[in-house]
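Taking it in order: structure first as structure tokens, then the write-up.
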Amino acid sequence: MNEQVTKSIHRFLTIAASSKGLGIKLIRVAILIIFVWIGGLKYYHYEADGIVPFVANSPFMSFFYNKQAPEYKEYKNAEGAYVIKNREWHQVNGTYTFAYGLGALICTIGILVFLGLFFPRIGIIGDILAIIMTIGTLSFLATTPEVWVPNLGSGEFGFPLLSGAGRLVIKDTAILAGAIVLLSDSAQRILNQLKHQES
């Protein structure tokens, strides 16, 4: 019995050890799905409204908006809600124009990363952009007050207690790690191509 278990474990480990290539391919597919889906949602008002606290509080991105933080707090929309005065404020703020551009960029990065399956020189561009974008997203942990639970009387608030927005942002650490793995993969494949050309 023990010998059979040992053989089964060894067989599993052998299969798992050979799955690295598949894993790298699946990371590219996963980033495509996440980026194209999330990027596409930027064309919907509820999603564009939702990213305002992140952008408005960022020293690197707030210049894209016409209004200064924290004015946006008076014009927040619940997801799916339609409040005319809030919608008008966001139009004047440039909320939707910025979201359209950001959505196009995110979709483009996702597609470039995916194309790395077939073209490492294209993929490496997407990998680098994905790394830059996720670092930018993670910077919101330092710039956006809404990523931490507010002090509303429970005694549970502030760092390290992530709000819903903060829990969404922190997941980008996994995307960042995956993008770094993909960057290494693309670079290695390009080096192999160059060696082949030289020989």
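Counting starts with 1 at the first residue shown.
Cβ coordinates are placed from backbone N, Cα and C, and glycine is handled just like the others.
No curator has checked TrEMBL annotations; they are predicted automatically.
Remember, predicted model here, so these are calculated numbers, not experimental data.
As annotated by TrEMBL, transmembrane segment applies to 26-44 (among others).
Summarising the annotation, TrEMBL assigns transmembrane segment to 98-119 (among others). Only residues 6 or more beyond the boundaries of the transmembrane segment (98-119), in the same chain, are considered here, and those with a CB under 8 A from a CB of the stretch are 25, 28-29, 31-36, 38-43, 47-48, 51, 55, 64-65, 125-127, 129-130, 133, 179, 182, 185-186.
Outside the transmembrane segment (124-144) by six or more residues, the chain places 31, 35, 53-54, 57-61, 105-106, 109-116, 165-166, 169-170, 172-173, 175-176, 179-180, 182-183, 186-187, 190 with a CB less than 8 A from a CB of the stretch. The annotation transmembrane segment is assigned in TrEMBL to 124-144 (among others).
Under the heading transmembrane segment, TrEMBL lists 164-183 (among others).
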Sort out the residues at least 6 away from either end of the transmembrane segment (164-183), same chain, that have Cβ-Cβ distances under 8 Å to it, and list them.
24, 27-28, 30-31, 34, 53-54, 113, 116, 123-124, 127-128, 130-131, 134-135, 137-138, 140-141, 144, 146-148
